[in-house]
Ligand code: CTP
Ligand code: ZN
């Protein structure tokens with residue numbers, strides 16, 4: 001390829017580009033944002049080279065502008081994600097995701113005996129440590145850590 005600056009995933013006219021997703025978290029991000037259930041045009045790149053993160057993924061969602069509460073859900077699996085808001089092919093805004101104080105209905109409690117793993121109640125956690133990620137279960141008070149994270 002002669003043009004070394006060519007984008008690995010085509011530019012979009014309007015929408016949101018979610019960049020710097022850890023390669024292993026691509027499909028969790030798709031699930032968390034419900035991208036498998038919306039009609040928008042979506043393009044993504046998996047296992048792309050990144051200077052900072054080794055391998056990364058990128059997702060481009062046309063004509064979609066996420067509310068902070070919605071997009072911040074991905075911070076659990078993509079804490080360093082960069083959001084680029086695109087209008088008329090230009091980046092008009094850049095944002096980062098932040099980890100919320102409370103996580104409802106995204107991840108499972110690691111405790112197999114927890115009521116939320118047996119009854120149809122939404123999981124609920126208080127975020128105790130945003131750096132290392134420690135989630136205290138509202139029901140059993142046990143701590144789920146990053147290594148134990150499983151999506152509901
Ligand atoms: N992008 C896009 N469509 C556009 C404009 C930008 O898909 N019309 C994407 C680019 O491919 C890039 C991201 O949006 O992945 C951010 O664009 P830009 O700020 O131009 O790139 P960088 O300077 O590389 O930004 P950063 O270092 O923040 O990744
Ligand atoms: Zn629990």
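Including glycine, each Cβ sits where the backbone N, Cα and C put it.
Just so it is clear, the model here is predicted, and its values are computed rather than measured.
For reference, TrEMBL has these:
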BINDING   109, 114, 137, 140  Zn(2+) binding site
DOMAIN    7-97  domain 'Aspartate carbamoyltransferase regulatory subunit N-terminal'
DOMAIN    102-148  domain 'Aspartate carbamoyltransferase regulatory subunit C-terminal'
What three-state class does DSSP give residue 109 (Zn(2+) binding site)?
coil
I need the least crowded one of these binding-site residues (109, 114, 137, 140), counting other C-beta atoms within 10 angstroms of each C-beta.
140
Cβ within 8 Å of the mean position of the Cβ atoms of 109, 114, 137, 140: remaining residues of the chain near Zn(2+):
110, 111, 113, 115, 116, 117, 123, 138, 139, 141, 142, 144
In the domain 'Aspartate carbamoyltransferase regulatory subunit N-terminal' (7-97), how many residues does DSSP put in helix, strand and coil?
22 helix, 39 strand, 30 coil
Average pLDDT across the domain 'Aspartate carbamoyltransferase regulatory subunit C-terminal' (102-148)?
96
Need the DSSP three-state call for residue 114 (Zn(2+) binding site) to compare against my parser.
coil
Could you count the residues of the domain 'Aspartate carbamoyltransferase regulatory subunit C-terminal' (102-148) that DSSP puts in helix, in strand and in coil?
6 helix, 17 strand, 24 coil
